[in-house]
Each structure stands twice: as C-alpha cells, then as structure tokens.
Amino acid sequence: MSVEVLTILMFLTLMASIAMGHPLAITLAAVATFYGLVDNGFNLPALLGLFANNAWGIFLNYTLVAIPLFIFMAQILDRSKVSEGLFDALYTVLGGLRGGLGMAVIVVSTVFAATTGIVGASVVAMGLMAGPALLRRGYDKALSAGIICSSGTLGILIPPSIMLVVYGGLTGQKETSVGNLFAAAILPGLLLSGMYLLYVGIRCYLNPKLGPPIPAADRTASGMQKFSMTMKNFVPPFGLILTVMGTILAGIATPTEAAALGCVGALLLALVTRKLNWNVITQACVSTARTTAMIMALFIGGKFFSVVFLSMGGGDVVADVLLGMDVNPYVVFAIMMAVVFFMGMFIDWAAILLVVVPIFTPIAMDLEFNPLWFAMMICINLQTSFLTPPFGYSLFYFKGVAPPEYSMGDVYRGILPFVMIQIVALATMIFFPQIITYLPDLFFGR
C-alpha cells in the first residue's frame, strides 16, 4: 500500500473514531498502533520499541514538570476566591459606565488568566459570579454570554499557559522554548483583551440597553474606598504574576522553577485570605492529578500518532502537496491555519498540537516563517477553538454553571462577534508580526 493511501486512511480513521465518541488518547494510540503495524510488516516488537523510546523521552522532559505545578497553582488560586475580590473591586469602579460591568468581567478574566493558565477555571469562575450579576443589571443575555466565554479563553493564551508549556515541550527548540513562548504571548493576549474591551465599550455606548450603567443611587463608594478596594484585591495576584513571569523573563528561573515558586505563592495567598485548609489542598491535588493525567495521556497518544505518521512518510506527503503548490507562501500558511481552525471545532487543543505541530512546523521552516511567530499563530488559532461551535468547550463550561435564563441560542449568538474579533487579531499579527516577536527579542535577544 502506498504512503499516500496510508496517509489518507490514517487521518480518515482518526476522524471517524473521534466522531464515534471514542476516548481521544486511546484513539490516537490505537490508530498509531494499527497503521504502524501495517507500515512495518506487522513487526510488533519493533513498533513497541519505538513507542517505549518515545514514551520514555516524554517522561524525561523536564519542561513538562511545569504542567502539574501550574495546574496546582491555578487550583489553589481558584479555591482562594481571588477572582471574587477582583470582580467586586472592578464592579465598584467601572459599574457606573455603559458596559462597565462587562468590561470589569474582561479585566478580571485577563488577570485571572495570568494566574491560572486554564480556560475551564476562568469561564466557570466568571460564569458563577458575573453571569447572575449581569442579568440583574439588565445586560443583554447574548452579550453577557459572549463576554464571559470569550474573555475566559484568555486563560489558555496569556502566560503562564498550559498550552504554551505543552508546545514548548513538544518542539524542544530554542526558538520556541517555553520562556520565549511566554514572552511572545503577552502582547497578543493583551491585544485581544483590549479588543474585547473596545468592542463592548462601543456597542454599549451606541446602544445603552445592551449594558446599562449601575444607577447613581447604588454607587455609594467614595473615590478613596474604590482605590482601597482596587489595591487590596489587585496587588496580591499581580505580585504573584510578576514573581512567576518576572523570574522567567529575567532569566532567574526556568519555567518549571517559576511554576514551583508560583505554587508557594498561591499557597501563601490562600493562607493570607484564610482560605487554606486541608480540604482545599486535597481537592486541589486531586484536580491536579486528574487534569495532568488527561494531558499526559493525550501527549503520549499524540506522540505515538505523530511518530508513526512521520516514520511512514506521511509528513513528506503533506509537505510535498503544500510546498508543491505554486502560490504565495501565505496561501500555504492560510491553508494550515484553516486546518487547525477546522480541527479545533471537533478535537481537543492538546491532540491538535501533538498531531499538527510535527507536520506543519517543518513546512513553515521551509517557507522561512519565523518559528516563534508561527507557533503563536497556531496557539491563538487554538484559543479561538474554545469558542467555535459545535464543540467549543468554553460555551459548555459557561452553560453548565450559568443561570437557566441563558439559552444555548444566547450563547451561540453572543460568541460570534468575538470569533470575528479573534480572526481580526490573527490578521493583525500577520501584518504586524512584531506584536509577537518584540518581547522575546527584548528579553532573550533572539
């Protein structure tokens, strides 16, 4: 059987298995095993040796130790109710503006994203707090759902991000190290947050019924009280963010060491806020173990898939097709981004990274794209996948905790403008790649 036919059949089998609802990690490993045996003449010992070597390489990857550490930090912060204090402070400060409460949600989600690195934690926390509050203040349900779902996805992009750790651990390249990826993601994350704020502000200014301000009678806090609340609730999480990111960007600590430092900081923050007890620690440890196990299972399954795919020549087939097109390199780039975008509608981000990065990265290098820029474009594209129907995880995280007044139709209508904002942001970074490369050049002298 030719390599071309095997390549097509391997991907069709993978997509069919996913559509049938089989567990993704097992599906990736099973498809890799079957086609690996077909390709090597059913030499099972050789295939098992290949898998064992690659699995051992994953376990020896020091960078990946940061994954459970960052997850544990996020779990402790989530249970210490840091986001609640932030929301209360910004509710008081911005509530008097048209759309101010929605803007407060975006700002809190941006800060919370920089302390968690997990979409689920951000969306669930804001859905529980802001979902009912936005309804009580007469905000449009579709706009409210869009604000919470979209701003929550910043958790997968703004560092410290689990997705960036996985990407850095997967490539093993200096150009796309975790430190470089963290630095590269800061400005794109802030740009997206700023675009969300601008959109909400303009829409609510033009149509105040979408996001009415808090009535003057309910705004009783003085300027000093607002300042005091803001400082009290912003300084601790900002201090933790600066500690974790500052040590990485200054070259003082590796991402793994900074993650361990972040865990200590999160525990101290929970202790200061009197939220730390054995029950909180136990729940955080259990959640960390479950999430880490899921990610590592996907990592191993995806690694097996990519190794078999590349060893049988599938990567060369894809490269020959894309590089053989007599078109502008950015057309090839657009095709690769479209594939990632489409896969993001149906498949978990971790599996997509593990499948497409080993295939697309060599093609991007042949086209002379900046590897760091290309990596960030994939990651921002995958962030969008949390919003895209039918399986946008952010949408279902929100619907699971939102008041019953929010229908699935409200959620779908609400996220569409934010998906368009994501696409505009991607286009902006094509024309202005310095948004991605400036900070890595500044801190690491790439």
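Glycine is treated like the rest: Cβ placed from N, Cα and C.
TrEMBL annotations:
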DOMAIN    11-435  domain 'TRAP C4-dicarboxylate transport system permease DctM subunit'
TRANSMEM  7-35  transmembrane segment
TRANSMEM  55-77  transmembrane segment
TRANSMEM  89-112  transmembrane segment
TRANSMEM  118-135  transmembrane segment
TRANSMEM  147-170  transmembrane segment
TRANSMEM  182-202  transmembrane segment
TRANSMEM  234-252  transmembrane segment
TRANSMEM  258-276  transmembrane segment
TRANSMEM  288-310  transmembrane segment
TRANSMEM  330-360  transmembrane segment
TRANSMEM  372-395  transmembrane segment
TRANSMEM  415-439  transmembrane segment
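Listed as Cβ neighbours of the transmembrane segment (55-77) (distance under 8 Å, sequence separation of 6 or more from its ends, same chain) are residues 112, 115-118, 121, 160, 162, 165-166, 168-169, 172, 178, 237, 240, 254-256, 258-260, 262-263, 265-267, 269-270, 276, 280-281, 283-285, 287-289, 291-292, 295-296, 299-300, 303. Listed stretches 7-35, 147-170, 182-202, 258-276, 330-360 were compared with the transmembrane segment (89-112); the greatest number of C-beta pairs under 8 angstroms is found for 182-202. Sequence-distant residue pairs (6 or more apart) of the transmembrane segment (147-170) and the transmembrane segment (7-35) include fewer than 3 whose Cβ atoms are under 8 Å, leaving the two stretches without contact. The transmembrane segment (258-276) is in contact with the transmembrane segment (234-252), judged by 3+ CB-CB distances under 8 Å for residue pairs 6 or more apart in sequence. Highest Cβ pair count under 8 Å relative to the transmembrane segment (234-252), across stretches 182-202, 288-310, 415-439: 182-202. Using a Cβ-Cβ cut-off under 8 Å and counting only residues 6 or more beyond its ends in the same chain, the transmembrane segment (7-35) has close neighbours at 47, 51, 294, 297-298, 300-302, 304-305, 307-309, 312-314, 317-318, 346-348, 351, 354-355.
Long-range neighbours of the transmembrane segment (182-202) within the same chain, counting only residues 6 or more positions beyond its ends whose Cβ lies under 8 Å from a Cβ of the stretch, are 97-99, 102-103, 106-107, 109-110, 113, 143, 147, 150-151, 154, 157-161, 164, 211, 245, 248-249, 255, 372-373, 375-376, 379-380, 417-418, 421-422, 424-425, 428-429, 435-440, 442-444. For the transmembrane segment (288-310), the list of distant contacts is 7, 10, 14, 24-29, 31-33, 35-36, 39, 47, 50-51, 54-55, 58, 64, 67-68, 71-72, 75, 118, 162, 166, 170, 348, 350-351, 353-355, 357-359: same-chain residues at least six beyond its ends, Cβ to Cβ under 8 Å.
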